[in-house]
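A.B. asks: To start, I am sharing the structure in question, which I have written as structure tokens.
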Amino acid sequence: MKSITVEKLMKDLNMEELNSIEATALLISTTDLNRPGMQLAGFFDYFAYERIQIIGKVEHRYLETLDTKTRKERLDRMMSYDIPCLIISRGLEVPEELLCTANKYQRKILRSHKNTTKLISKVINYLEDTLAPTITLHGVLMDIYGVGVLITGKSGIGKSETAVELIKRGHLLVADDAVEIKRIGHEVLQGCAPEIIRHMIEVRGIGILDVKSLFGVGAIKIKTDIDLIIDLEEWDSTKSYDRLGLDDNHREILGMKIDEVTIPIKPARNIALIIEVAARNHRQKKMGYHAAQEFNDRLMKSLEEKSQQ
């Protein structure tokens, strides 16, 4: 399971550290957060101590209503659990008992000036991105008519050359050769280029090209969701290719199924144009219209009418 240090979280989200506990060894391994209202009330059954703890205005005000002895006992018990860190929102003052118990058990206390809702949203989004399962695949990733298209195929089949033609047609390059893919939450696969080759594309016979310099910033995109996979393969006369489009094929990446279309490569076929059409067709399907199914329905209706004559 992936994890990050509390120190990295603190630096990346510009949080204020309120005690000097070493944060490099404190690890965060879940994207979920916990507001410990029940624990401050003395109920510790099912305490999600492995999560980041968030103290907002409600929890802070509740602590103020407790007498010193009770407040210290509740905080002492909460901090005795192995929590990764505790974050106080809205720039609220830190109760002295909280700092004392945090130092006693070596727990990191951070503070943010954002309101609690925005803080929780920001931390969850950050953790989902940082802790997301990741894989690197060989291919080209582009944004075509707003559809994230991952073009795959064996080396030398023409993926990069096709990408250049698509860029000339106004589409956006995300990554060439190596595509870093993250699973964000349960429904999204997001792809980007490794930092070292970002905006670059390799064309055999020419070399490395800087797409941003050659075509402008309007030809690139940092990252995109992956909606469709186009697999390029050499034409095989012994193989039967789908000519109607009724069969939906998928490829599984990081546990998610992504729609896949196989395009056979043959001289005189305009692959860039075919990929554009595939992207448009995919978008049309997602909007509820399936051309192949419509054709099949018409055909079946025609056959039924003829059989009744």
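In case you wondered, yes, glycine gets a Cβ from its N, Cα and C as well.
Note that the structure is a prediction, hence the values are computed from the model and not measured.
The following feature annotations were taken from Swiss-Prot:
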- H138: active site (ACT_SITE)
- G153, K154, S155, G156, I157, G158, K159, S160: ATP binding site (BINDING)
- K159: active site (ACT_SITE)
- S160, E202: Mg(2+) binding site (BINDING)
- D177: active site, proton acceptor (ACT_SITE)
- R243: active site (ACT_SITE)
- 264-269: region 'Important for the catalytic mechanism of dephosphorylation' (REGION)
A.B. asks: Have a look at the recorded positions H138, I157, S160, E202 and say which one has the shortest Cα distance to D177 (active site, proton acceptor).
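C.D. replies: Spatially nearest to D177 (active site, proton acceptor) by Cα position is H138.
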A.B. asks: Measuring Cα to Cα, how far is I157 (ATP binding site) from R243 (active site) in Å?
C.D. replies: 22
A.B. asks: Measuring Cα to Cα, how far is S155 (ATP binding site) from R243 (active site) in Å?
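C.D. replies: Cα-Cα, rounded: 26 Å.
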A.B. asks: Note the Cβ centroid of G153, K154, S155, G156, I157, G158, K159, S160, the recorded ATP site, then list each other residue of that chain whose Cβ lies within 8 Å of it, in sequence.
C.D. replies: L232
A.B. asks: If one measures from the C-alpha of G153 (ATP binding site) to the C-alpha of R243 (active site), what distance in angstrom results, rounded to a whole number?
C.D. replies: 20
A.B. asks: Write down the Cα-Cα distance for K154 (ATP binding site) and H138 (active site), rounded and given in Å.
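C.D. replies: Each residue's Cα considered, H138 (active site) and K154 (ATP binding site) end up 9 Å apart.
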A.B. asks: Reported as an integer number of Å, what is the Cα distance between E202 (Mg(2+) binding site) and K154 (ATP binding site)?
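C.D. replies: So the alpha carbons of E202 (Mg(2+) binding site) and K154 (ATP binding site) sit roughly 15 Å from each other.
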A.B. asks: Give me the CA-CA distance between K159 (ATP binding site) and R243 (active site), in Å, as a whole number.
C.D. replies: 23
A.B. asks: Calculate the distance in Å between the alpha carbons (Cα) of G156 (ATP binding site) and R243 (active site), and round it to a whole number.
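C.D. replies: Rounded to a whole number, the Cα-Cα distance is 26 Å.
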A.B. asks: Fewest other C-beta atoms within 10 angstroms of its own C-beta: which of the binding-site residues K154, K159 fits that?
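C.D. replies: Among the binding-site residues K154, K159, the lowest count of other Cβ atoms within 10 Å belongs to K154.
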A.B. asks: Return the residues near S160 (ATP binding site), defined as same-chain residues 6+ apart in sequence whose C-beta is under 8 angstroms from its C-beta, sorted by sequence, else 'none'.
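C.D. replies: In sequence order, the residues whose Cβ lies under 8 Å from that of S160 (ATP binding site) (at least 6 apart) are V140, D176, D177, I201, E202, V203, R204.
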A.B. asks: Cα distance, G158 (ATP binding site) to R243 (active site), nearest Å?
C.D. replies: 23
